[in-house]
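A.B. asks: I have a structure here, written as structure tokens, and I will follow up with some questions on it.
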Amino acid sequence: MKRVYNFSAGPSCLPVEVLQKAADEMVSYGDSGMSVMEMSHRSSYFKDILAEAKSLYKELMNVPDNYEILFLQGGASTQFAMVPLNLLSKSNKADFMVTGSWAKKAYQESARYGEAKVIASSEDKTFSYIPKVDSKDFTPDADFFHICVNNTIYGSRFRPDNLPDTGDVPLVGDMSSNILSEVYDVSKFGLIYAGAQKNMGPAGVTAVIIRKDLIGHAKDITPTMLNYKIHADNDSCYNTPPCYGIYICKLVYEWVKAKGGVAAMEKINKEKAKKLYDFIDNSKLFTAPVVPEDRSIMNVTFVTGSDELDALFVKESKKAGMENLKGHRSIGGMRASIYNAMPMAGIDTLIDFMTKFEKENA
Ligand code: PMP
């Protein structure tokens with residue numbers, strides 16, 4: 001069986017053990033005599049899968065009891081609308097930090113439904129840092145304050161100890177590309193959302209962790225399917241949920257738990273990222289554009305400084321068994337997405353290849 005090192009930003013590599021377990025259970029799940037893809041979402045089999053997924057996610061993320069977990073559809077992009085439709089309930093104002101393209105999209109979508117204010121942006125330096133902010137600049141009566149915790153395209157992140165202190169204003173975090181990668185204190189957030197397709201499962205599932213008091217205040221115009229209350233009241237089964245995707249998420253949660261949980265993931269993720277950044281920082285050819293203190297440990301961006309060499313790197317790395325190292329089409333260069341399922345051997349293979357490439361091209 002051929003497996004490559006897949007550095008895709010998402011959908012991205014999943015643990016082989018998870019894929020194998022899914023393969024084993026593909027045709028008949030347990031004693032059900034049918035695939036999870038074929039079973040009713042109202043069946044006891046699926047109800048158990050959903051309950052187990054929820055409980056494992058709660059445990060892994062250390063979610064306090066006053067939060068609800070929802071498994072929704074529509075990707076993180078739907079949350080860009082769902083968050084303002086549900087949370088803009090008092091002042092109709094929200095604050096945003098624009099630290100990348102996804103953060104900007106969230107801001108632009110919110111501006112359709114209420115007053116949206118950019119508190120800080122790092123666009124002046126191609127989103128290569130997380131701006132320092134002063135809470136004096138925050139809107140005191142904002143209904144929420146939105147950040148994109150990990151900026152997938154540019155490769156920066158808000159460290160867990162560097163989240164803006166928004167006081168009583170609920171902090172909303174897009175954690176699509178760093179969910180389950182490092183320990184964040186959920187109680188610092190009012191709401192966390194994440195598209196599953198990077199670190200949690202397949203595309204099609206969006207996991208939302210929302211503080212219970214933020215549920216039930218949706219604007220009248222909110223479509224039923226975009227109302228958190230509808231999904232909370234129906235335990236994510238108001239309509240047919242993304243059943244198979246939720247099942248794969250459950251397998252990923254079991255895998256993370258077996259590895260020692262998010263803290264254990266964080267330890268190995270930091271080792272992986274450090275090894276790669278250290279190599280880049282000592283290289284004569286490659287540079288990492290993001291300032292060291294704000295670097296993502298999930299998406300490592302780097303460049304050679306020459307578009308031709310970048311293109312050659314992407315082409316040659318593919319031949320060497322590494323896929324999807326091309327940077328996002330909006331910024332070029334290279335990006336190695338090194339999610340939980342990327343083993344250290346993948347990092348070592350990449351560094352060996354970069355060493356060789358540098359010798360030949362520096
Ligand atoms: N937010 C972040 C941080 C992302 O990386 C992405 C996808 N790359 C999105 C939002 C959009 O996600 P989706 O495609 O699930 O709508």
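Just so it is clear, glycine is given a Cβ too, placed from its N, Cα and C backbone atoms.
Curation plays no part in TrEMBL annotations; they are all automatic predictions.
Annotation source TrEMBL lists domain 'Aminotransferase class V' at 4-350. Annotated L-glutamate binding site per TrEMBL: Arg42, in sequence order. Positions annotated as pyridoxal 5'-phosphate binding site by TrEMBL: Ala76, Ser77, Trp102, Thr152, Asp174, Gln197, Asn239, Thr240. Positions annotated as N6-(pyridoxal phosphate)lysine by TrEMBL: Lys198.
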A.B. asks: Should we count any of the recorded positions Arg42, Lys198, Asn239, Thr240 as near ligand 1, judged by a CB under 6 A from one of its atoms, and which?
C.D. replies: none
A.B. asks: Whole-number Å distance between the CA of the residue listed as 'L-glutamate binding site' and the CA of Thr240 (pyridoxal 5'-phosphate binding site)?
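C.D. replies: Taking the Cα atoms only, the residue listed as 'L-glutamate binding site' lies 9 Å from Thr240 (pyridoxal 5'-phosphate binding site).
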A.B. asks: Tally every other Cβ atom lying within 10 Å of the Cβ atom of Asn239 (pyridoxal 5'-phosphate binding site).
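C.D. replies: Asn239 (pyridoxal 5'-phosphate binding site) is surrounded by 12 other Cβ atoms within 10 Å.
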A.B. asks: Please determine which of the binding-site residues listed here (Ser77, Thr152, Gln197, Thr240) has the lowest count of neighbouring CB atoms within 10 Å.
C.D. replies: Thr240
A.B. asks: Using a 10 Å cut-off, grab the number of neighbouring Cβ atoms around the Cβ of Trp102 (pyridoxal 5'-phosphate binding site), all chains included.
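C.D. replies: Result for Trp102 (pyridoxal 5'-phosphate binding site): 22 other Cβ atoms within 10 Å.
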A.B. asks: Around the C-beta of the residue listed as 'L-glutamate binding site', how many further C-beta atoms are within 10 angstroms, looking at every protein chain?
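C.D. replies: The residue listed as 'L-glutamate binding site' is surrounded by 9 other Cβ atoms within 10 Å.
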A.B. asks: Pop the Cα-Cα gap between the residue listed as 'N6-(pyridoxal phosphate)lysine' and Thr240 (pyridoxal 5'-phosphate binding site) into the table, whole Å please.
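C.D. replies: Pair distance, Cα basis, whole Å: 23 Å.
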A.B. asks: Let me know the DSSP-derived helix, strand or coil state of Asp174 (pyridoxal 5'-phosphate binding site), please.
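C.D. replies: DSSP assigns Asp174 (pyridoxal 5'-phosphate binding site) to strand.
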A.B. asks: For pyridoxal 5'-phosphate, with binders Ala76, Ser77, Trp102, Thr152, Asp174, Gln197, Asn239, Thr240, what's the maximum Cα separation in whole Å?
C.D. replies: 30
A.B. asks: How big is the gap, in Å, between the Cα of Thr152 (pyridoxal 5'-phosphate binding site) and that of Lys198 (N6-(pyridoxal phosphate)lysine), rounded to a whole number?
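C.D. replies: Cα-Cα, rounded: 10 Å.
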A.B. asks: At the Cα level, what's the spacing in Å between Trp102 (pyridoxal 5'-phosphate binding site) and the residue listed as 'N6-(pyridoxal phosphate)lysine', rounded?
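C.D. replies: Computed Cα spacing between Trp102 (pyridoxal 5'-phosphate binding site) and the residue listed as 'N6-(pyridoxal phosphate)lysine' is 15 Å.
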A.B. asks: Whole-number answer please: how many Å between the C-alpha atoms of Ser77 (pyridoxal 5'-phosphate binding site) and Lys198 (N6-(pyridoxal phosphate)lysine)?
C.D. replies: 14
A.B. asks: Quick one: Cα separation, Lys198 (N6-(pyridoxal phosphate)lysine) versus Ala76 (pyridoxal 5'-phosphate binding site), in Å?
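C.D. replies: A Cα-Cα distance of 11 Å.
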A.B. asks: When DSSP is mapped onto helix/strand/coil, what comes out for Thr152 (pyridoxal 5'-phosphate binding site)?
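C.D. replies: DSSP assigns Thr152 (pyridoxal 5'-phosphate binding site) to coil.
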